[in-house]
Structure formats: C-alpha cells, structure tokens
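Undergrad: One structure coming up, written as structure tokens, with questions to follow.
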C-alpha cells in the first residue's frame, strides 16, 4: 500500500511485536468465517477500490482481520483505536508492518487518543476519508464538531468541560489554525459512516434530530447478527474474562450487581450467574425489568443494591449510574467496572478528585481506592471497557458476525448514494451474515417446501421475519 508522504506512516508501541501479532491473526481468521467468506466472494472484484476508509475501532486481533478484509476489497485504510486501553499492541504492530497506517497503543493519554483520531482523518495531500468505520462515534464527532467550529470559531473560546473534551478541543484548535476550512472539505468527500456500538448509534440519531449529521450513516449495531450476538454472547464471555484477569477473584458466592438489562446487561447478568454469583439487576425500563425478573434475577434500585454487591458492572450507556456517593457506601473490597463504551457511567473524575479517598495502583488498569472509613474498592480499567482494558475483548467468532456487517455496510455506502439519514442493513443481509457462520459450528438448516413458504407468506430462501420482529 502506498502511503502519502504528507501523512504519517504509523505510530504503535513496538513494531517488533508484528510477528507475534501475525501468528494470532492467522488463528483468528479460522474463527471468523463471515469475513473470510466475504473475501472469497469478492476476490478480484475490489468493491471498495478507490475508497479511503478511516477506522476508529478497538485495535485488536479480530479488528486486524477486518482491516485486512477491507484492504483485500480495495480500500485505502488508516486506523486508530476507539479506547485508550483497548489496543492489543501486537495486533497494531502486525497491521502497521503490512503498510496500513495504524495509530494505536495500549495506555494512550487522552491527548494521544485525539491525536491518533486526527491522524486517521488525514490521508495526505489535503484529503480526508470517504468512509468511516466508527465505534462510539468519536471519528464522526471530530468531523462534525470541527465543521461547527469552522462555522462558529467562538466555540474554541468556550471549550472547557472534562479532560476528554479539553483534549479534543486542543486538537481541533490546532487543526483550525492550520486550515480554517479543513472539515468542510472533508465532509464534502464523505460517502458515509458505519457505526458499531449502541452509544455511537445514539449519537448519530441525536445528530440527525438536531440537523447536525453531515453524511449518511448505517446503524450496524442494530443488525440482529450484531446486537443479539456481539452484545449478548460476546459480553457473556468477555466480562468474566476481564474481571478474572484483573483480580483473580472467585465469582461464585459473590453478589454481582448489573446496572442495565439491555442486550449487554443480559449477557453480563447471565455470565455472572453462570459462575455462581447471586445477581441483582437495576433498570429504568419496565420491559427490561420484567424480563430480568422473569429470568429469576432480583431487580431493585442502586440505592438498595449498593450495600450488598461485591461486583458492580455498568452496562447502560448512560452517565453517572455509579456515583461517588455509591462508592462510599459499597462493601469493603468491592470490584467496580464498566462494559459500556464510555467511562462516564462511573463517576471516575469525582472519585479521583475526592480528598477522602487514597488511590493506589495495583497493576495496569487495576486501582485500589481506600476511603477514610477504611473500606476500599477496586476500579478496573479506570472505568472504561473492562473486557478490553483488562482482557482481549470478545472472541473471534462472535466478532466475525459484527465485522461482516461492518464490511457489508462499507460496500453499501461506497456503491450507493444515500441521502443524509441513519439507515439499517436490510433483513436479507442480516440473515446472510448468520448463514455464513452456520457451517463452522455444525448447524444444518431446514429448507421450506414451496407449499410451506406460500402458507406462511415468505420466500423459500428468506427473509423469514418482518423488520419489526424482535428475535
């Protein structure tokens, strides 16, 4: 791949880790049949030829397989992680060694993070991306916020907020001083973004409602083969992996409090119960609360659960669901972690500023806070994604579902001219993604007869369910 002289080649922790990363990528490919089938299907066609793709998504081994799929399909790709702790350094090195510009390492500062995001949006010679693969919406946010600043530079004078906002505005200010029309030019060339996660999708819909969205978006998260698999089954395995790698704690016999019972919360609650924990769920939604109760979980408020829990897991995508006051009341040695996209589900900044607690780093991504009354808690991954900060995220097979959707979305956006809106992939593609993964796990599908298909009013080859079906 040719790298523009004006664009940085890569920045990773240690390029010498590339060989190790390549060995793990080879293993992951065998567990990612969807992506490998896409490569085979489009071999020689190069449906993404000419596309400049900026990726802001956890730089893991599984993501490496996605990146190489996009490259195989003809795309010019630049990549950064969407979380300061989620990069697997050997994966980043392996991809950088192939010539794909990667800007990611585990343990970035917030300033590093937004610098890396800036790099993936610069393809050299004044060019930005045509397409974005986003996870959490930060790459999209940088373009849209930069665009707004160019329309109203006074926004730079009012930049404050938390540390993350200050880091973002620092980059945007530097870009504005270099080129006061940069983001207008980038937005003009954009064909669209495909968004991976619930939080990012919420951002897209909010931008659309406010009239701020500048280019089309495909909501990959709400594809059934993403949300009902990655969010549910992926979290069911990777949550426990993160907690155990971080703490070596015995989960059996503990009380686990899972805040939120959406798809992610469901996976987490079932994970903790499968290890022998007694699980308490908190919810705002009466439907989700009823589901949790019907599964046998106790459902109550955080104010009541806070004094019982030994392990607290936030899954809501909302802010301030675990407050400083909650942490003051938790039992001694409680473990606090988050598996939602951002760190604001837990009040980490107020905790760090609180004079009545002493912080002690135990090891990377494990911090002990001792309060003035003598009790302590353990905060994992500084309140960021525990499964990626303290472990390696979801297994390859379930990520193949998600990333096959991402690849199809990128092709869809590149090949077609969508109006500015938020879209979902059609049901037929959702079913095709599932179909591509069946042989790997020995599944044999029953085939409808023509008469049976006519009787229930569906095509013999699908799709079999209406768009509103909830699986």
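Each residue's number is its place along the chain shown, starting with 1.
Each residue, glycine too, has its Cβ placed from N, Cα and C.
Below are the features I grabbed from Swiss-Prot:
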type	residues	note
BINDING	60, 135, 196, 226, 230	substrate binding site
BINDING	197-199, 231, 260-265, 283, 318, 339-341, 387	NAD(+) binding site
Undergrad: Around residue 341 (NAD(+) binding site), which residues of its chain at least 6 apart sit with Cβ under 8 Å of its Cβ?
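TA: Sequence-distant Cβ neighbours: 82, 83, 135, 136, 197, 198, 199, 200, 317, 385.
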Undergrad: Considering only the binding-site residues 260, 262, 264, which residue has the minimal Cα-Cα separation from residue 196 (substrate binding site)?
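TA: Given the candidates 260, 262, 264, the nearest one is 264.
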Undergrad: Widest Cα span across the substrate binders 60, 135, 196, 226, 230, in Å?
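TA: Largest Cα to Cα distance for the substrate-binding set is 17 Å.
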Undergrad: Within 10 Å of its Cβ, which one of these binding-site residues (264, 339) has the largest number of other Cβ atoms?
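TA: Result of the Cβ crowding comparison: 339.
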Undergrad: Of the binding-site residues 60, 226, 230, which one has its Cα closest to the Cα of residue 260 (NAD(+) binding site)?
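TA: When the Cα distances are compared, 230 comes out closest.
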Undergrad: Just to be sure I understand: of 60, 226, 230, which binding-site residues have a C-alpha no more than 10 angstroms from the C-alpha of residue 264 (NAD(+) binding site)?
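TA: Final answer, ordered: 230.
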Undergrad: Which one is it: of the binding-site residues 260, 262, which Cβ has the fewest other Cβ atoms within 10 Å in this structure?
TA: 262
Undergrad: Of these binding-site residues, 60, 199, which scores lowest on Cβ atoms within 10 Å?
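TA: Ranked by other Cβ atoms within 10 Å, the binding-site residues 60, 199 bottom out at 199.
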Undergrad: Within a 10 Å radius of its Cβ, which of these binding-site residues (196, 230, 283) has the fewest neighbouring Cβ atoms?
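TA: Comparing Cβ neighbour counts within 10 Å for the binding-site residues 196, 230, 283 gives 283.
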